[in-house]
Ligand code: DON
């Protein structure tokens, strides 16, 4: 596959334009992002890589971090985790409160905010220092020590995270939260504040495109069955109420974040990250969705 020619074509055909969407405004620190940033990095299964634009610039990975925390929680807790969070698409926005009452405080899936907050709670119970362990895990996955939390983003969200405060308190009242709610939110906001480049994210996500093996050392980090399950959740829940649309248009498992990043994986082929901070009304990168749709059209390959 001539990925270089395909990326050259994408770079020529997709020019960011401020009319495409809006930078996330509900976390004040994120609203400072330059809407015209645009980068892509594709890491192929054979070790070759292809990139253009702002692919080496760090951005706030936000909800993409939910895949990492789920992976760690699944390893440590196994099936126990699924007593507290389901694996069904929600069909509603990432920060919705409405299903929780009907479903008695058990979030629909681990990628909506409520679900990832439950995962954060579970990690707080089993780890002495979840922030340190998360950093260690992500640094290992992408083979770079240069990965940090962005304190100003974490603080900004802590100050303005009214929805997440409502979610954790509501779940606490329904008996699905164990630890102190402030401690859980502190960890959750820090995980979301991780700053990474398209390059680092694509390498880290090779785990899910390479049967659970590290992209460089080929060490088996998680088993292939876990990869199957996490990819299935990305496919059905990775884009909230736009998961069907992403599946239909792109045809790959993936995960978005309100920092404007999207990572998608094509098992046995590649892992790819696009960053463009302008979001559509579902909170997913507007340009990122279009670029990935064109990528799978031009390659003529998807998992379907
Ligand atoms: O909790 C929040 O609202 C943010 N820290 C993360 C949301 C997010 O990235 C949704 N994804 N598109």
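Using the three backbone atoms N, Cα and C, a Cβ is placed for every residue, glycine included.
Annotations in TrEMBL come from automatic prediction, not curation.
Look at TrEMBL and you will find 63, 113, 157, 164, 188, 240, 258 tagged as substrate binding site.
Distribution of TrEMBL features across the structure.
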residue	record	Cβ neighbours (10 Å)
63	substrate binding site	24
113	substrate binding site	23
157	substrate binding site	23
164	substrate binding site	22
188	substrate binding site	29
240	substrate binding site	25
258	substrate binding site	24
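Checked against ligand 1, the binding-site residues 63, 188, 240 give 63 as the ones with a Cβ under 6 Å from it, listed in sequence order. For the substrate site, whose binding residues are given in the record as 63, 113, 157, 164, 188, 240, 258, the maximum C-alpha distance rounds to 20 Å. Secondary structure at residue 258 (substrate binding site), taken from DSSP and collapsed to helix, strand or coil, is coil. In the three-state DSSP scheme, residue 113 (substrate binding site) falls into the helix class.
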